[in-house]
Amino acid sequence: MTTQTVLVVNSGSSSIKYQLVELGTGAAVASGVVERIGEPTGSLRHVHGGTTTERELHIPDHGEGLRRVLSLFEVAGPDLAEANVVAVGHRVVQGGMAFDGPVLVDAEVERKIDELSALAPLHNPANLTGIRVGRALLPDVPHVAVFDTAFFHHLPAAAATYAIDREVAATYKVRRYGAHGTSHQFVSRGVAEFLGRDLATTRTIVLHLGNGASVSAVDGGHAVDTSMGLTPLEGLVMGTRTGDIDPAVVFHLSRNAGMSIDEIDDLLNRRSGLKGLTGHNDLREVHDLVESGDEDARLAVDVYTRRIKKYIGSYAAVMGGVDVIAFTAGVGENDDIVRARSLEGLQGFGIEIDLERNAGRKKEPTVISTEASATTVVVYPTNEELAIARQALDVVRDR
Ligand code: AMP
């Protein structure tokens, strides 16, 4: 292999996902996942050259998980020593106000990521563990941290500020940080290029609809608003998260249901959204229930798509109009019902999709609006691993 590659690592609390990305073609040369780290039986899956290698075994910690991944590269290929790995790119969820772009990891960067754990207690410690074991096992390759919040670092103050006591907000760093920034940046830029539009004069709404879901308003290439806030709980209805809710629901449940803060946290983050409304977090199953006449599922799709529509309206208002709407991620790329329902009845706002163009799953960028639609609606597949790989390359190239 002569072209350069980046090993992209996404380390979660009990998992490590990875992809070896070839920079020239953007292709994933190999990919895999380690799951159930710390549990009695863990699993590994490694895919390369059309072959999947799987293992089931106890994986006590992330260090052992990554060691196993490196030995899978040796056994199942490709040989990392010959893959011209120019960097390891680590996804980090919360960069706070400390990071507005990707950085080369050193001890100081590790310390700051650790410090930001208070804002992302589920994610940053796991991301940092991945970085530490990665640096220990691959010491000769530069490691780059790529932050999910960076694209939203320069949000206008009016978008980032919560209307609460200023001193409390400042002391506890309460503001809107956003998330999925790598995807919003990748898609907003990519879609402008795909349409042959000048990014500087394009107003785009990006709908990243996966199991987690968020929407951003991007004006001239800059994020001017986004739906996720202090944490990824705010905004759209998601697989298991409620999205926007009156904060008084928390007081109500605490005072009247006797629920603890941890129980309410669990309720709103893991037992709400589509899961709370239907028992299923996957929209495919929700649609099946609708087909079988399930009224709860029908309501769930109504709640889900109405929230998206409300955000489209408010972000179009914030930007004084919208030139492009881009759907991306698992639901955005695959679910034609959600796309159609979210944009239903918006002809008066110059937004009209062509139901034939919209039909089915989209693996390639596809325009789904009618010729008459003033706003161009596009399905644009995201590729967060490629985006992280490119950002990591930018950092090591500039050294
Ligand atoms: P992501 O987090 O981007 O991987 O998206 C995962 C979600 O995408 C799943 O929970 C499903 O709700 C949704 N999804 C994936 N494939 C399809 C499909 N073919 N049709 C509808 N929804 C899908």
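Yeah, the Cβs are placed from backbone N, Cα and C, and that goes for glycine too.
Quick look at what TrEMBL lists:
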{"type": "BINDING", "residues": "ASN10, GLU384", "note": "Mg(2+) binding site"}
{"type": "BINDING", "residues": "LYS17, HIS208, LEU209, GLY210, ASN211, GLY212, ASP282, LEU283, ARG284, GLY330, VAL331, GLY332, GLU333, ASN334", "note": "ATP binding site"}
{"type": "BINDING", "residues": "ARG91", "note": "substrate binding site"}
{"type": "ACT_SITE", "residues": "ASP148", "note": "active site, proton donor/acceptor"}
{"type": "SITE", "residues": "HIS180", "note": "site 'Transition state stabilizer'"}
{"type": "SITE", "residues": "ARG241", "note": "site 'Transition state stabilizer'"}
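On the backbone, the CA of ARG241 (site 'Transition state stabilizer') and the CA of ARG284 (ATP binding site) stand 17 Å apart. Reported as a whole number, the C-alpha separation between ASN211 (ATP binding site) and the residue listed as 'active site, proton donor/acceptor' equals 16 Å. Only ASN211, VAL331 of the recorded positions listed as ASP148, ASN211, VAL331, GLU333 bring a Cβ under 6 Å of any atom of ligand 1; the order follows the sequence. Take the binding-site residues ASN10, ASN211: by the count of other Cβ atoms within 10 Å of each Cβ, the lowest one is ASN211. Geometry remark: LYS17 (ATP binding site) versus ASN10 (Mg(2+) binding site), CA distance 5 Å. With respect to their backbone Cα atoms, VAL331 (ATP binding site) and HIS180 (site 'Transition state stabilizer') stand 15 Å from each other.
With respect to Cβ neighbours within 10 Å, the recorded positions LYS17, ARG91, HIS180, ARG241, ARG284 differ, and ARG284 shows the lowest count. For GLU384 (Mg(2+) binding site), the nearest neighbour among the recorded positions HIS180, LEU209, GLU333, judged by Cα separation, is HIS180. HIS180 (site 'Transition state stabilizer') sits 13 Å from ASN10 (Mg(2+) binding site), taking the CA atoms of both as reference points. Checked against ASP148 (active site, proton donor/acceptor) by C-alpha proximity, the binding-site residues ASN10, LEU209, GLU333 yield ASN10 as the nearest.
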